[in-house]
Amino acid sequence: MGVDWQQGIMLISTWCVIWGIGHHLFWPIWNARVALICSPVPIDRYRNRLCRSQVYCVLAVAGGFLLLFRYRWCPNDLLYLNSWDHQELFAMAAAHWVVAAWEDAQSCAFLGAGLTSEDTRGQSDPSKLLSRAYLVHHLMAGLGFAAVLFSQSCTAIGVFGLLYELPVLLMNHREFLVYADQPPEWFRDSRRVQSFWKKLRVLFVVGRGGPSLVYLYSLCFWSDDLRELSLGESFVYHSMAISFTALNFVLWQTFLAAWARKDLDNALRTEEGQFAGAFTH
């Protein structure tokens, strides 16, 4: 069961419209504030982005696990199992990355998520750096989902791409806290901040390390089946697996580590200030 080019483009276009509407509605509906639709300030535009992304992540992770549980541990399933659910979710994902690129262009100043040029010792602006990195990522991810949708092969690449959003559920949650008008008390508690980051790292390893291990397993034990892929299918399979594994390693070593340090430093400074205030009184 597959889609032709016209059907695929129609599916992606429909989801672009859905996500575009969701960008303007999800956050105002969550806050029960219609005014946010009519005249959002820049920070609310970024919150629109985060809220829509969170909705996508919930659907992507739930859909990814739903599709994953249908697979048997055999190469034929992981390479060729295809259904209308696969196609709908892959079209949803491709459209998400198209809309995400537009959203990032609207809210570039907030992409640093708490990091400033001081955190890079003045060498670069984290928000500008991330805006360029995100654009490359979004293009790669969107093209990858589209390639799997139209080729109707290498469907495990798409399923694992959906599961990649597992840690983003907490990453988005963190950004809501960073840009909250009044962050919750636990976000200024160093122990609870450390606990939060431990959970995020676990989700990162499961959601992104797991697919990389499956790719390595396939190279060792499914080499005959991989050789039967066409040139285009082989390119999609290997390029997506290798490039996103590399990107995840870089992300783990750089921005994830920097965000964790920043959150912990902010919590420790708050605790020191509270201690000093209590001591002076």
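Backbone N, Cα and C atoms are what each Cβ position is placed from, and that goes for glycine too.
Copied from TrEMBL, the annotated features are:
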- 55-73: transmembrane segment (TRANSMEM)
- 139-164: transmembrane segment (TRANSMEM)
- 200-217: transmembrane segment (TRANSMEM)
- 237-259: transmembrane segment (TRANSMEM)
Long-range environment of the transmembrane segment (200-217) - Cβ separation under 8 angstroms, sequence gap at least 6: 61, 78, 156, 160, 163-167, 169-171, 174, 241-242, 244-245, 248, 252, 256
Folded-back contacts onto the transmembrane segment (237-259), same chain, C-beta under 8 angstroms, at least six residues removed: 79, 113-115, 119, 126, 130, 137, 140, 144, 154, 157, 161, 164, 174, 200-201, 204, 208-209, 211-212, 215, 226, 229
